[in-house]
């Protein structure tokens, strides 16, 4: 019989990351930089999203050796990505002892119809979402943490802003609905009714909701916090910048003090060049990672 963690325990682990920054790293050296800069966790992977996007082909779970090297290098929680629907990659990461698994659209999906039943696992999961319907379905499957999908590896914040604003607007809409309207709304957005009822009563998702996908500067991180994010994932924005150590520290500080504009101005001075960005409209439909895991049965 497979051991499974309770929602309360899994969600509690995610709550502990609230207000912080989670950084993508590809080796132990980068993990140490992230930890020293104040990251609350790191995401261990073979290539940051910008490199995955540039390389093309099939992107898979990282080599377990990389994951273990990162785990041995830092004392903060370590996350790792598996492909959408790939049961065995998820089980391997769980066996390695990672603190969190990201069932991620950044990697090439293994299943175009089904996401993982995350309730079958002891390890908690984070999943991406573009709107309340997607978030609710992932939570219904057992996700303990949600993040905006944004458009990974672009250094362009516009899609993360779109997704966060969409979710916040839909949460406000549900909160103001009468109970007898909820079933129709659940049908319309493909969300579990009981979850919408919980959102109506509390005015928020039952799990933390981080921003991800396109965060490249301290100002980007502060913007997402102001829009209602509980924290920030930074993928390519740190180690594709000119000065990773400076960007890492500045983004952590800006995430914490997201309404202190004098401080954010100071943090933004002399950082060097941010990662090269990509205009979203130049991407073909096949290059848009945010649409993965959605078109067929998300």
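Backbone N, Cα and C atoms are what each Cβ position is placed from, and that goes for glycine too.
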From the candidates 5, 38, 133, 214, give the one listed by Swiss-Prot for the same D-ribose 5-phosphate site as 24, 153, 235, 236.
214
Could you round the CA separation between residue 236 (D-ribose 5-phosphate binding site) and residue 81 (active site, schiff-base intermediate with D-ribose 5-phosphate) to a whole angstrom and send it over?
15
These are the binding-site residues: 153, 214, 235. Which one scores highest on other Cβ atoms within 10 Å?
214
I want to verify one value. Collapsing DSSP to three states, which class is residue 236 (D-ribose 5-phosphate binding site)?
coil
